[in-house]
Amino acid sequence: MGCWGRNRGRLLCMLALTFMFMVLEVVVSRVTSSLAMLSDSFHMLSDVLALVVALVAERFARRTHATQKNTFGWIRAEVMGALVNAIFLTGLCFAILLEAIERFIEPHEMQQPLVVLGVGVAGLLVNVLGLCLFHHHSGFSQDSGHGHSHGGHGHGHGLPKGPRVKSTRPGSSDINVAPGEQGPDQEETNTLVANTSNSNGLKLDPADPENPRSGDTVEVQVNGNLVREPDHMELEEDRAGQLNMRGVFLHVLGDALGSVIVVVNALVFYFSWKGCSEGDFCVNPCFPDPCKAFVEIINSTHASVYEAGPCWVLYLDPTLCVVMVCILLYTTYPLLKESALILLQTVPKQIDIRNLIKELRNVEGVEEVHELHVWQLAGSRIIATAHIKCEDPTSYMEVAKTIKDVFHNHGIHATTIQPEFASVGSKSSVVPCELACRTQCALKQCCGTLPQAPSGKDAEKTPAVSISCLELSNNLEKKPRRTKAENIPAVVIEIKNMPNKQPESSL
């Protein structure tokens with residue numbers, strides 16, 4: 001609740017300031033005919049939308065309790081909000097780029113640069129305040145809270161060391177176990193997502209006012225047992241998962257750059273541009289003039305003809321806008337890429353999947369590893385699932401602990417292992433999957449179709465490799481079929497040998 005309260009207060013404060021200043025910039029841009037100010041007001045509008053998205057995403061992200069329709073809660077709401085902000089900011093950059101190109105083609109003279117300067121300075125102060133509010137979301141740091149699930153067992157790490165957990169298991173004595181330690185009849189709590197539990201197995205948010213059990217203590221399910229722990233036991237804030245707040249920071253940073261551009265452009269225009277005064281005969285060589293010959297005649301006949309300029313001042317505004325667009329795209333692309341890859345459930349870039357498979361296969365007691373999937377839920381919460389084929393069921397728990405350590409070393413702290421045990425007396429060089437799926441559900445699996453395994457003479461030349469469930473099921477159904485002529489004698493023989501029984505056909 002503390003983290004959500006801090007972020008919510010910052011977002012609401014910045015939202016109010018940004019909205020009021022956006023209205024002010026729209027009015028001033030119309031009065032002064034400043035395209036830079038109008039572009040900055042559009043950027044302010046994008047900030048307002050980004051802050052609204054961030055508020056909604058931040059609120060939903062705190063609902064980490066599982067439901068029947070969403071077993072992971074809304075923990076990915078921040079990632080979705082970050083993606084929306086990044087896409088919106090990218091689109092805004094292209095819109096500003098088009099306006100800058102138009103300004104290069106048809107330059108415009110700024111009206112009342114002092115008014116533009118004052119509004120630009122005020123906007124810069126507002127954005128500096130926003131940068132101070134969200135500066136700690138400009139980067140990433142590693143989070144220490146994580147959890148595991150191995151074949152129905154779970155454990156967690158990274159909880160505060162102060163509070164103790166008291167077991168309420170019927171028929172067992174009260175055992176005080178510090179978080180991160182393991183009691184004799186107790187597994188460590190899965191803390192991938194901080195949950196509370198009700199009798200139906202669904203999780204209730206302790207901060208939810210509709211939760212009748214929210215009070216001084218909350219109940220947490222540990223291997224089917226209810227344990228009570230204080231409300232102040234909160235996981236350390238997952239700064240690595242603050243993609244949404246990072247998107248807000250980038251919006252504020254981009255708007256601060258826009259305010260700097262407005263201020264610089266107004267200062268340069270005020271001190272460098274020499275416009276035409278009222279009542280004086282003046283020409284502006286910076287604009288295309290269809291009456292160029294007539295202007296030359298006037299210049300030759302009039303002794304005092306004023307000339308506006310210099311022309312480079314008019315091109316400073318679009319040039320600075322292009323620089324701002326390049327900076328924004330450079331800072332937005334990593335956020336867009338990271339949030340998109342998380343939603344696509346790709347393997348995190350810090351995970352070496354080949355080395356991970358190699359280490360898992362080298363674990364003593366493991367015959368083969370297949371159906372290994374590694375993906376990122378949000379931030380530093382990385383999840384892995386795998387089928388592990390073991391030799392002996394009695395030693396599986398020891399093997400699972402070793403496998404858990406391997407995943408730990410690779411930064412994967414939430415794992416689900418499906419054990420498979422080798423058949424007694426099986427000495428085949430090919431280690432198949434013991435839980436083959438039906439062939440008709442091949443296209444519905446997460447991996448889709450796989451290449452067929454070699455057969456016949458090619459199989460003898462091929463070294464022993466792992467075979468997937470789909471490959472095994474396909475090979476089992478590839479039996480030689482008899483022709484119609486071959487089936488008839490077989491049926492006749494069965495009738496002669498078994499006259500008192502119903503004939504059976506292998507078709």
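Each Cβ is built from the backbone N, Cα and C atoms, and glycine gets one as well.
Now, the feature entries from Swiss-Prot:
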TOPO_DOM  32-35  topological domain 'Extracellular'
BINDING   His43, Asp47, His251, Asp255  Zn(2+) binding site
TOPO_DOM  100-113  topological domain 'Extracellular'
REGION    142-217  region 'Disordered'
REGION    146-158  region '6 X 2 AA approximate repeats of H-G'
COMPBIAS  147-167  compositional bias 'Basic residues'
COMPBIAS  189-201  compositional bias 'Polar residues'
TOPO_DOM  270-308  topological domain 'Extracellular'
MOD_RES   Ser506  phosphoserine
Can you list the residues of the same chain, besides His43, Asp47, His251, Asp255, whose Cβ falls within 8 Å of the Zn(2+) site's Cβ centroid?
Thr18, Met44, Ser46, Ala50, Leu89, Asn127, Val252, Gly254, Gly258
Sparsest-packed of the listed binding-site residues (His43, His251) - C-beta count within 10 angstroms:
His43
For the topological domain 'Extracellular' (100-113), jot down how many residues DSSP puts in helix, in strand and in coil.
7 helix, 0 strand, 7 coil
Determine, from DSSP, whether Asp47 (Zn(2+) binding site) sits in helix, strand or coil.
helix
Model confidence over the topological domain 'Extracellular' (270-308), averaged pLDDT:
61
Should anything in the same chain at least six residues away from the topological domain 'Extracellular' (32-35) have a Cβ under 8 Å from its Cβ atoms, list it; otherwise answer none.
99, 103, 108, 110-113, 115-116, 262, 317
Using a Cβ cut-off of under 8 Å, list the residues of the same chain at least 6 residues beyond the topological domain 'Extracellular' (100-113) that approach it.
31-35, 265-267, 269-270, 273, 275, 284, 286-287, 308, 311, 314-315, 317-319, 321-322, 325
Going by DSSP, how much of the topological domain 'Extracellular' (32-35) is helix, how much is strand and how much is coil, in residues?
2 helix, 0 strand, 2 coil
Residue with minimal Cβ packing [other Cβ atoms within 10 Å] among the binding-site residues Asp47, Asp255:
Asp255
